Amino acid sequence: MQDAAPRLTFTLRDEERLMMKIGVFVPIGNNGWLISTHAPQYMPTFELNKAIVQKAEHYHFDFALSMIKLRGFGGKTEFWDHNLESFTLMAGLAAVTSRIQIYATAATLTLPPAIVARMAATIDSISGGRFGVNLVTGWQKPEYEQMGIWPGDDYFSRRYDYLTEYVQVLRDLWGTGKSDFKGDFFTMNDCRVSPQPSVPMKVICAGQSDAGMAFSAQYADFNFCFGKGVNTPTAFAPTAARMKQAAEQTGRDVGSYVLFMVIADETDDAARAKWEHYKAGADEEALSWLTEQSQKDTRSGTDTNVRQMADPTSAVNINMGTLVGSYASVARMLDEVASVPGAEGVLLTFDDFLSGIETFGERIQPLMQCRAHLPALTQEVA
């Protein structure tokens with residue numbers, strides 16, 4: 001493993017920066033985000049995700065997000081071949097939590113916007129106003145070809161035009177309960193949705209291409225991006241700067257939320273040993289599938305999420321930023337994340353979710369300057 005060269009020093013600039021939000025990226029697919037025969041092997045279940053999100057709520061995580069995946073990568077680990085569905089999972093989790101924000105992901109090629117608008121309004125009712133929607137255009141062609149709904153490869157270059165119309169229909173229906181939108185992709189004829197959400201519905205996205213960031217700048221409440229490298233917590237800063245600049249063009253404030261995997265232990269050496277063990281068990285067959293799919297989109301440029309996911313540097317965990325170290329080291333690196341202009345939060349995954357969240361809440365978070373505002377824990381977690 002190649003760590004960053006000297007550790008960056010930083011100064012948290014103001015009270016706002018001392019309050020970075022933390023979310024958990026729940027394992028809706030088997031084995032979470034480690035494509036390795038040496039990683040924990042498990043199936044996704046409601047009970048597992050309920051335990052994860054209830055622990056996250058106990059430790060004052062701000063939000064939980066689930067992705068949507070409709071076809072996996074295969075290989076020895078059958079990576080992501082087994083997946084729950086995002087909206088129904090998050091509806092269930094909304095009913096068994098009370099404070100944490102809940103986000104489901106809409107694969108927009110599979111669901112008409114009027115149906116998503118109604119499902120979101122329903123989960124808003126279940127959660128008491130704690131629900132939001134992550135919109136994805138879809139990049140893995142076999143997910144949609146298997147159902148006969150892939151619109152053709154021209155979609156790669158038009159997908160944000162499609163998503164722009166999609167979100168306009170959503171905003172109409174959530175805002176007024178009615179839409180007569182007419183576009184290239186959608187035609188609404190006195191379309192109605194009621195009841196409407198009790199609070200303004202948050203829309204999030206994960207654009208890293210120029211087109212994706214332009215969409216987020218115009219329509220999203222915040223934008224997810226990948227962290228980069230191993231123990232290089234501020235390497236994503238140019239991406240956050242691009243998002244900040246794009247948002248300035250629209251006169252909106254759209255912060256970046258950064259995806260990281262945490263692999264922590266008592267010492268740096270113990271954590272590093274875990275990471276090396278996971279890398280040694282990389283499922284090469286599944287990784288080959290990911291690489292193959294990343295090459296299908298020849299029209300969206302070189303800065304898309306899927307291109308980063310398939311980079312061989314750290315493909316074993318789809319090249320999300322990886323923080324490997326002692327509890328104190330991980331806390332320090334997360335504070336460095338908080339120092340980056342435009343970074344408003346992080347979305348965390350763990351090599352082992354249940355023990356990872358507990359360790360984070362008990363051993364890492366109390367050391368973080370950017371979480372010093374949290375109240376003391378007062379109850380037992382289930």
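Residue numbering: from 1, along the chain as shown.
Just so you know, glycine gets a Cβ as well, placed from its N, Cα and C.
These numbers come from a predicted model, not from an experiment.
According to Swiss-Prot, the protein carries these features:
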- ILE68, LYS69, ASN134, GLU143, ARG159, TYR160, SER209: FMN binding site (BINDING)
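ASN134 (FMN binding site) falls within a strand when secondary structure is assigned with DSSP. When every Cα pair among ILE68, LYS69, ASN134, GLU143, ARG159, TYR160, SER209 is compared, the largest distance found for this FMN site is 21 Å.
Its own atom aside, the Cβ of ARG159 (FMN binding site) has 24 Cβ atoms within 10 angstroms in the protein chains shown.
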